[in-house]
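What follows is one structure encoded as structure tokens, with my remarks underneath.
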Amino acid sequence: MPDNPPIPSLDELHALKPLQQPSYDDLTEVAHVVNRLRSLPPLVFAGECDALRAKMASAAAGEAFVLQGGDCAETFDGVTAANIQGKLRTLLSMAIVLTYAAQVPIVKVGRMAGQYTKPRSAANETRGDVTLPAYRGDAVNGFAFTPEARRHDPQRLLGVYNASAATLNLVRAFVTGGFAHLRSVHTWNADFVKSSAAGVQYQTLANEIDRALAFMVACGIDDEVFGTVDFYASHEALSLEYEHAMTRVDSRTQLPYNVSGHFLWIGERTRQLEGAHVELLRHVRNPLGIKLGPTSTADTALELADRLDPDHEPGRITFITRMGAHRIRDVLPEIVAKVTASGRQVAWVCDPMHGNTFEARNGFKTRAFSDVIGELNGFFDVHEEQGTWPGGVHVELTGDDVTECVGGSEDLVEADLVNRYETLCDPRLNRNQSLELAFLVAERLTTGRIRRPNPVQAFVPVSF
Ligand SMILES: O=C[C@H](O)[C@H](O)COP(=O)(O)O
Ligand SMILES: C=C(OP(=O)(O)O)C(=O)O
């Protein structure tokens, strides 16, 4: 159990000159908003964060696999039943593919209910002869290209709280109220294009699950044990005002937790060792992710791990590597080797999205499905060579049939991007591409090439 040093104040954090922060013009208004946020109830319970930390520890130990996914940038307008259900359905379908094929428990974590703040490469955006502040996520400003919308508005932080609460409320209802029951495995994708290869593969798997379920019921097992799933919320902890206001001392343990989400990650652009984000998050008890891009070194990874997890607590640290398909085989091996040699057991999760973005000839920001799979294969190969466990995937996806990433079995080309390009920031996999990815990952997990300590004991049938 870590010591409990005082949580730094917001002023102390700002003195560390944090990157990627909004510039608010009315600091009194900011203080009002932060005070209001401090008075609002937690969105998650500290005990749930502890439960997730234990599951992340299983992923670090090679006994579970993490599936983390959702929008690049959630939006306030996107908080609709259809959107939330669509993302959940996609994640549950992917999880079932991974569980059934790979026979390993899947830790299900949404990039949901809090993913409203975006770091940007450039502070401004220019269209024609007009330059305005870049869109930084609904937590900060609006997407419309007008001075009013692009103003950094602190009231939006209350919008983040409300949107996250509404999303979590429905997610909790879905995962405990019957929607996620294993019996529903067919209905999640009932409307799926029959001609889609992943859709057909999914139907075949769903039929097998139906038969297995019927067999178990015939054997006298109450199928209500398959009625609910554990599902967790995560986002990038970027807005210091919001994350600080949502950091509370847990009444059970007297220890601080960030109660805006179960799992928080520090982005590639804000993970400076002496920076404000590391300083705030080192005090909270939540399980933490650290993004590692192509310029990362083993020393950086180890220094961050020492700072954020001085006690080597199981499940505390997850390294989310996002090196790019063409760099992963060069950069990842040394990091994995040195972290492992240090005696740390961390969860290794592959984000095959953020290192593979490019601008298409028609101006759309996109990713090629082949690069996404290329990076995943590199990730599995490196861990196979090192004898370490590839602990999970982190993907930007949606439940809709958008056209934002090229490739996949539908063979989307750059000319298709214009049809349904709906993301406000980075391109997401659509439902078909997400399922396809799940089948490919399941195949890598089942080939037998990956060492799994004890697959039989590791399979926990009551919580898929
Ligand atoms: O999601 C990640 C970042 O916010 C995003 O890649 C930054 O994109 P930009 O380079 O268009 O600013
Ligand atoms: C900004 C993100 O990633 P990264 O920090 O890896 O660029 C993200 O995951 O939204």
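Each residue, glycine too, has its Cβ placed from N, Cα and C.
What TrEMBL records for Cys72, His354, Glu396, Asp426 is Mn(2+) binding site. The feature phosphoenolpyruvate binding site is assigned by TrEMBL to Arg111, Glu268, Arg269, Lys291, Arg322.
Where TrEMBL records a feature, it is marked here on the structure.
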residue	record	Cβ within 10 Å
Cys72	Mn(2+) binding site	21
Arg111	phosphoenolpyruvate binding site	27
Glu268	phosphoenolpyruvate binding site	20
Arg269	phosphoenolpyruvate binding site	17
Lys291	phosphoenolpyruvate binding site	22
Arg322	phosphoenolpyruvate binding site	23
His354	Mn(2+) binding site	22
Glu396	Mn(2+) binding site	27
Asp426	Mn(2+) binding site	18
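Across the fold, the C-alpha of Cys72 (Mn(2+) binding site) and the C-alpha of Lys291 (phosphoenolpyruvate binding site) stand 15 Å from each other. For ligand 2, the neighbouring binding-site residues among Arg111, Glu268, Glu396, Asp426 are Glu268, by Cβ distance under 6 Å. Contact annotation for binding-site residues (Cys72, Glu268, Arg269, Lys291, Arg322, Glu396) versus ligand 1: Cys72, each with CB under 6 Å from a ligand atom. Within 10 Å of Arg322 (phosphoenolpyruvate binding site), counting CA to CA, the binding-site residues His354, Glu396, Asp426 contribute His354. Note on proximity: among His354, Glu396, Asp426, the binding-site residues of the record, the Cα nearest Lys291 (phosphoenolpyruvate binding site) is that of His354. The Cα of Glu396 (Mn(2+) binding site) lies closest to that of Arg111, out of the binding-site residues Arg111, Glu268, Arg269. A gap of 15 Å separates the Cα atoms of Glu268 (phosphoenolpyruvate binding site) and Asp426 (Mn(2+) binding site).
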